[in-house]
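Copied over from Swiss-Prot, here are the features:
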- Pro211, Cys212, Val213, Leu214, Asp215, Leu216, Lys217, Met218, Gly219: substrate binding site (BINDING)
- 333-358: region 'Disordered' (REGION)
Amino acid sequence: MVVQNSADAGDMRAGVQLEPFLHQVGGHMSVMKYDEHTVCKPLVSREQRFYESLPLAMKRFTPQYKGTVTVHLWKDSTGHLSLVANPVKESQEPFKVSTESAAVAIWQTLQQTTGSNGSDCTLAQWPHAQLARSPKESPAKALLRSEPHLNTPAFSLVEDTNGNQVERKSFNPWGLQCHQAHLTRLCSEYPENKRHRFLLLENVVSQYTHPCVLDLKMGTRQHGDDASEEKKARHMRKCAQSTSACLGVRICGMQVYQTDKKYFLCKDKYYGRKLSVEGFRQALYQFLHNGSHLRRELLEPILHQLRALLSVIRSQSSYRFYSSSLLVIYDGQEPPERAPGSPHPHEAPQAAHGSSPGGLTKVDIRMIDFAHTTYKGYWNEHTTYDGPDPGYIFGLENLIRILQDIQEGE
């Protein structure tokens, strides 16, 4: 939706009204939908620098970087608040002196207030169906209009860790929770005409009908070199109490399409923090299960890409991907049954990103969230490292091993 920018009197440039990204399954920072193939998130200069100096070998495993936009609050005639994005003019301040978005400061405050008080409502089910909306209205806009508050009852089930039914919602609650918390703080702490810088990134799930997404926090260490002692201790405690310490990886969120009941099964980071090693293995199994059967044909292409990523990470000397995540993505919509004598749908050659040799089923493996990534050559870096990231490699090796066990039926 294009709107007129009301941030400055006399400055009536066209803008894009942002929508919540309904397939966000983890993270604190609100991710917004810019268009069908693009999402945006508050700009962190370290992350922007990473994307702009990205090693060529890593590009296939990261979202495409599409630049930046400025974002401001916009109020429509009914008083409804939303975020509107405008392209950044070339004449604006250069990259090297850009400051952190005020939106990032709000996100960091949100981390402090929600970091340890997670809800026990860790499993949600939401139907992937059309909400009641006008022909030109997207599902995200209809959702915001029909459910303006987080605790508004709707259609789908949310359970606690004991399986008790406690709440019903019509959407994956995590992305909207991040969006509404972010919007509330922006509204209360900054004027309407305050401009914030956002990154534009590829929407890596846009090509999927029913995107199944697993968000994995990688590595044995999650705090950046610039973390305060309090934050460092908090992150070290989370790692020690989760599979991050013993496996180098933990679940930060996931959604899995259940074909039998036509809804997404959703779990959040609080669920992931409580898992044992065996619980982590069972969660990976569940991520590959559609409610009817295990999607075994996904295992080989996922393993193929993870091994390729492992090879790339081993070649990236000095890089430390602290607090970054790894997305595993596939389509919950299975290919149609083949006719007798026709090629198997999983054997058809694919040229799209994420395809594997031999025409393996389409999957995507993408690294995201580089706000705390460090490497030699980063501007004004005080701490540098030698060799590849041992914690990330440890996590990838264990992830591959567990998926191999599932593949072999153990």
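Quick reminder: no glycine exception, Cβ is built from N, Cα and C everywhere.
Using a 10 Å radius centred on the Cβ of Val213 (substrate binding site) and all shown protein chains, the other Cβ atoms total 27. Within the same chain, the residues at least 6 positions away from Gly219 (substrate binding site) whose Cβ sits under 8 Å from its Cβ are Ser244, Gly248, Val249, Phe321, Tyr322, Ser323, Ser324, Asp389, Gly391, Tyr392, Phe394, Gly395, listed in sequence order. Taking the Cβ of Asp215 (substrate binding site) as centre and 10 Å as the limit, one finds 26 other Cβ atoms among all the protein chains shown.
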